[in-house]
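TrEMBL annotations:
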REGION    B:1-424  region 'Carboxyphosphate synthetic domain'
BINDING   B:ARG134, B:ARG189, B:GLY195, B:GLY196, B:GLU228, B:ILE230, B:GLU235, B:GLY261, B:ILE262, B:HIS263, B:GLN304, B:GLU321  ATP 1 binding site
DOMAIN    B:138-350  domain 'ATP-grasp'
BINDING   B:GLN304, B:GLU321  Mg(2+) 1 binding site
BINDING   B:GLN304, B:GLU321  Mn(2+) 1 binding site
BINDING   B:GLU321, B:ASN323  Mg(2+) 2 binding site
BINDING   B:GLU321, B:ASN323  Mn(2+) 2 binding site
DOMAIN    B:711-906  domain 'ATP-grasp'
BINDING   B:ARG747, B:GLN786, B:LEU788, B:GLU793, B:GLY818, B:VAL819, B:HIS820, B:SER821, B:GLN861, B:GLU877  ATP 2 binding site
BINDING   B:GLN861, B:GLU877  Mg(2+) 3 binding site
BINDING   B:GLN861, B:GLU877  Mn(2+) 3 binding site
BINDING   B:GLU877, B:ASN879  Mg(2+) 4 binding site
BINDING   B:GLU877, B:ASN879  Mn(2+) 4 binding site
REGION    B:974-1075  region 'Allosteric domain'
Amino acid sequence: MDAYVAMEDGRVVAARGRAPGRTRGELVFTTAYTGYEESLTDPSYEEQVLTFSYPLIGNYGVRTERFESERVHPTAAVAREFTDEVAEWLENEGVPALDHLDTRDLVTTVRDEGAMKCGIAVGEDVTPEDAREELANCVGMSDHVDIGDQVSVRDEVVYEADGDGPTVALLDCGVKGSIVSSLVDRGATVHRHPHDATPETVADCDPDVLFVSNGPGDPENFEATQATVREFAGEVPIAGICLGQQIVASALGGTTEKMTFGHRGVNQPVMDLESGQVVMTTQNHGYTVADPGPLDVTQINVNDDTPEGLESDELDVLTRQYHPEANPGPEDTLGFFDDVLGMAECRTPLLAD
Amino acid sequence: MSDDADGVPEENPTILLIGSGPIQIGQAAEFDYSGAQACRALQEEGARVVLVNSNPATIMTDPEMADAVYIEPITTEAISEVIARENPDGVIAGLGGQTGLNVTAELAEEGVLEEYDVDIMGTPLDTIYATEDRDLFRQRMENIGQPVPRSTTITLDEGESVTELDGAALEERVDDAVEAVGGLPVISRTTYTLGGSGSGVVHDREELVERVRKGLRLSRNSEVLVTESIAGWVELEYEVMRDADDSCIIICNMENLDPMGIHTGESTVVTPSQVIPDDGHQEMRTAALDVIRELGIQGGCNIQFAWRDDGTPGGEYRVVEVNPRVSRSSALASKATGYPIARVTAKVALGKRLHEIENEITGETTAAFEPAIDYVVTKVPRWPQDKFEDVDFTLGTAMKSTGEAMAIGRTFEESLLKALRSAEYDPAVDWADVDDDELDAQYLERPSPDRSFAIFEAFDRGYDVERVADLTGIESWYVERYARIADAAKDAPAGEFELVGDVGFTDQQVAALADGASTSAVVAGGDAFDASAHLDDVAATTTDRRFKQVDTCAGEFAASTPYYYSARDPISGIGREEVQVDTDVESVVVVGGGPIRIGQGVEFDYCAVHAVRALRELGIDAHVVNNNPETVSTDYDTSDGLFFEPISAEEVADVVEATGADGVMVQFGGQTSVNVGEPLETELARRGLDCAVLGTSVDAMDLAEDRDRFNALMDEMGIAQPEGGTATSREEALDLADELGYPVLVRPSYVLGGRAMRVVHSDADLERYIEEAVRVSPDKPILVDQFLDGAVELDVDAVADGENVLVGGIMEHVETAGVHSGDSACSIPPRSLDDATLARVREVTEDIAGALDTVGLLNVQLAVKESESGAEVYVLEANPRSSRTVPFVSKATGVPIAKLAAKAMAGRSLGDLDAEERIPEHTSVKEVVLPFDRLPGSDPRLGPEMKSTGEVMGTARSFAKAYDKAQDAAGSPIAASGTAVVHFDDLHESFAEHYDLATFDDEAALFGALREGKVDLLVTDRREALATAVEEDVPYVSTEASARATLAALDAKGDPLDVLPVSDRPTVAREWGGE
């Protein structure tokens, strides 16, 4: 099976086709070498072509219990070598896959030139021209204004926990399964709302915490979510992860920006400014908070000083740019979920009526 | 001992760094690498570094590596004196292996550290004890909820006897025990029996009952330990780093290809793990962090796990062991990822936080991160199987390998094939003689150094993956990839070369496969093939290898000082150039020595590193090709470009091509680099590369090794050699021996380094030798030489620039002829030679240097035999290349001959370099360390075949005291008094002056006395007695010559230790053998 990647800078790279199809997306890479099942099912990779910098992908099989969502989200997957099992899975999911190419060349190109548009063509008789056509139709990540609809639930879903823990209203901008289970495992009942749920619908579940999930794309395209955050700010504690942190910061008066090629991997060092301790985190984002607005930056990335944790005692806000829920990646920051639910318990009785 | 208020000062403390001593099985060059890196790291932080190590062959003992370097025994006595002289503020123990750790613990226990107010920096002693005591460790792990292999003991009650115990009662206890550890199979272990007898995995209840019955009877304390069997689980290691702020990271994990039950040092190891899902990996990662926190480790640490897929998403694991220090695995992890564990450990010990330490490879990130890698690393051990025919090399829980090679590729197949080439191990099996049953039982089921080769052989015979996986217990994922290699190889004879190359073979190997060679034969060799007519075709067809970076971050950040590996990745067309060297400046490629093995130790890494440093001093860029992860030469900042590659002509030529090197040096990496010289010249010419093999010509090196050409040359110059000749049949050999007169020295002509060399005393001996050992034939002649009985042997190391010769030093061996020079103790300066003899030695050396047009190093081995006409000097061997005595000579004299040689090879004259000969006023003795205790069944007698793994140096004002110190340093101190057994009649009287001499009626009584610890010194040349002494760790002397040296040392027992920094030892500028 032939395969081509047409890159925004004009080059076309030939590869071996492993799962057929034609598609396009933003070319990004992750440096994690385990966790391919989790990454491929992570909604944050929507509209992106995911390149694995680790060459051998699929070594320990494919099991649904390790999935983060119902389907594969990247538009295509690229590795130096996929196992047959992964290739079959991607083919069944209708996601083009290609290997036998020099992925390090792709990765370092993206590093130096930034995440870029690309077109993919995989099939028996595809040509470089097919890939170029796909590229021509590729739009930038920020132009995917309706990306939230592609990844969010349509209707509210409730996850009941045993016992009488706090109620979390989760705004689903493309949430990973592990975030929901991290909350439920800690006794919270989670009401998963569509990303554009109205403040009124959200208020109906009488949340103790408003939680904005991770997800794909530009935080400025999540206007409805931002509006809901503004509505609840100061009333209910607010938490967020990844895109969630960006949405919260932007909603409360901060700004966000697109990064050159983002952070994608499971080895991102984050320092807590108060304790001086450094922990390892999983990350997957192409946008970041530029100005935190009224929020305090409490944690930063050791490599590039970008904000990794935002807080406000006054507004009861606690957000993380990285993924404390891991899956894949280190479990160093699971305590975040305890802190979030802790905010709920300290909630002022004022809101009880 | 913890940091107290007046602990280590923050500003410019004096730090004592203790090395690991001689290279031995289980403790190789990795601690030279970690120590050298730590020295630099500590000095960067403003510390004054005092270093102690007894091993002169190391880079860390170079005078410029630390503020004071002591080449002294690593004993509490010597180190106490160092402490008294230097008054250090702190000691770092975790960088000198088990040796460094043990001596630090002893210094603490003896109160020395307290007396001089020396703090233990980094990991505290309590932690060390907690990891070494099985019960304490189990307890600590249980406290933090970490699973360890379950275990229980079956005991007898007081007054109970196993013979009286009825069957049902015993069975009940056994059943309870099995249930307690989770069911069969279990490991049953009888406590406190000798040599672990009665231990093993038991699958069957009846068998277990029997074993327990027997065990209870034999055990001294009536106990049988029953442990959960984790044999067959996947074995993993995690390298962890922690700072004082409790920031913890994992540097990498490593997966053993061989299942649990084989020592990780004996296993083929892959980084990162391949068969563990993210859940399981993260569970073990978290466990590793919990363990390092619980133990309070600061710095690097290694944690071993066993893991299996039990059907859950993450699988199931056990914590097996913790190594609370920098180890062999940390050296491997450092080289595999680019993360400098020793450097960071040293800085953490001084109180630095991880995020305050720069990542020098990227230049823009810090040590507070976890390396990401985008390649596969494979390590394979190197075993001395060829040196010990009596030893069973079944791999198990004890190490037998001497060194290792590491390779990097983009697929496991590529990585494995590169690793097998790098190991330079050629299995001594003729597969045609092995039937399927034997292949299954002896080579697949039984783990041995030959197993990888046997797997290829099995696939060539049509075995399927499942069968091989079942027999070997290796995970199918790996076995499948072996199968892919074997499948790909089948294309070659059909003229399909591209995919064969892509899987990771070199063009030479592909061509050999095309010529019909078997996979198992080809994977072992890089250059060991006859020139193939297919080569040009193959080279034109296969994908070119290109170099990629090891950058710690999988490409996420641009690297400033990366190193490189080659891969046959598909050509992307993007054409990004990864090699960051300046191809326009003058540059030289230095070829390293590959894995450490007997006969080719850390000395050659020392030489290669000195060559690099010399070139850089001249302003020439120096690039290194090597594959030994334990060494300083493969540190990222040693050279201008490090290429982690197998040492084959083809792959060295790749480096020459990529760097645009003007020259390549093959003199410094021992036989490995010398062997590559000739094929490399051919390959450079084939590719039309304008690059010369520098120094003495390849032809002259060949001349020195070619018996006939060399003989003719010596005759021409009037230099005496032992008489001898070449025999191509049994009859010729017998005739020759009769002509020369017994004893004669015999050896095959086609192997080097004394392998299979013997002294034979009669026709019968000779016939047996031919019959059993070598099978002489016209293709494989043997050499028969006059044996110079009782001659004094000498080694000379010299440097020549094509005109002038500088003698580095003349060494006199302690052992007489018949013992391999590499196994003999020796002294510098010589102790028994007169001026006339030394002058002749010099003259001979200069003549040979001239005749070989030597540019660079020259080692000459000579023998001096007294005759009626005076002392006659014979030449035994001359090698125009680095020798294993080069670092010893340099340390003893202060003259850096390896550097001078490299500069001479780069075109400088000795005159320009202001080099001068120096003769030390003190005597230095080099003593060897032998591996017999690690290799049960080996013959502990010394002979013409080299067996030692490493060396130490002792220096004092007299030979006698220097010899005594060298024995201390080698770990076999001579007791000043006690009971001795002496079998050399001439020496009875002399030993009686120091010892009570014991005699025994028979051997059995002697062995009994040795086992009961009633003998303090055994002086004998009897194999069985020596073997018992080795087993029981009783000091012994096995030759008459060393017995005489021992007597001298006994007389000097009262002399002071005379501990001094190596650079304070006086020398005089005078020529060796000069006026």
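Glycine is treated like the rest: Cβ placed from N, Cα and C.
No curator has checked TrEMBL annotations; they are predicted automatically.
Take the Cα of B:ARG747 (ATP 2 binding site) and measure to each of the binding-site residues B:ARG134, B:GLU228, B:GLN304: the nearest one is B:GLN304.
Only B:ARG134, B:GLN304, from the binding-site residues B:ARG134, B:GLN304, B:LEU788, B:HIS820, B:GLN861, place their Cα within 10 Å of the Cα belonging to B:GLU321 (Mg(2+) 1 binding site).
Spatially, by CA atoms, the binding-site residues B:GLU235, B:ILE262, B:ASN323, B:GLU877, B:ASN879 include one closest to B:GLY818 (ATP 2 binding site), and that is B:GLU877. Residue pair B:ILE262 (ATP 1 binding site) / B:LEU788 (ATP 2 binding site) shows a Cα separation of 45 Å. For the region 'Allosteric domain' (B:974-1075), the DSSP-based tally of helix, strand and coil residues reads 42 helix, 14 strand, 46 coil.
A separation of roughly 5 Å, to the nearest angstrom, links the Cα atoms of B:GLN861 (ATP 2 binding site) and B:GLU877 (Mg(2+) 3 binding site). According to DSSP, B:GLU321 (Mg(2+) 1 binding site) is assigned to a strand segment.
Checking each of the binding-site residues B:ASN323, B:LEU788, B:HIS820, B:GLU877, B:ASN879 against B:GLU235 (ATP 1 binding site) by C-alpha distance, the shortest gap belongs to B:ASN323. Of all the binding-site residues in the list B:ARG134, B:GLN304, B:ASN323, B:GLU877, B:ASN879, the shortest Cα-Cα distance to B:HIS820 (ATP 2 binding site) is found for B:GLU877. Around B:GLU228 (ATP 1 binding site), the same-chain residues at least 6 positions away in sequence with a Cβ under 8 Å from its Cβ are B:PRO149, B:ARG150, B:SER151, B:VAL181, B:GLY182, B:VAL186, B:ILE187, B:ARG318.
The 10 Å shell around the Cβ of B:ILE262 (ATP 1 binding site) contains 21 further Cβ atoms across the protein chains shown. Cβ crowding, taken as the number of other Cβ atoms within 10 Å, peaks at B:GLU235 among the binding-site residues B:GLU235, B:GLU321, B:GLU877. Looking only at the binding-site residues B:GLN304, B:GLU877, B:ASN879, the one with its C-alpha closest to B:LEU788 (ATP 2 binding site) is B:GLU877. Candidate binding-site residues: B:ARG134, B:GLN304, B:ASN323. Nearest to B:ASN879 (Mg(2+) 4 binding site) by Cα distance: B:ASN323. In the structure as shown, the Cβ atom of B:GLN861 (ATP 2 binding site) sits within 10 Å of 19 other Cβ atoms.
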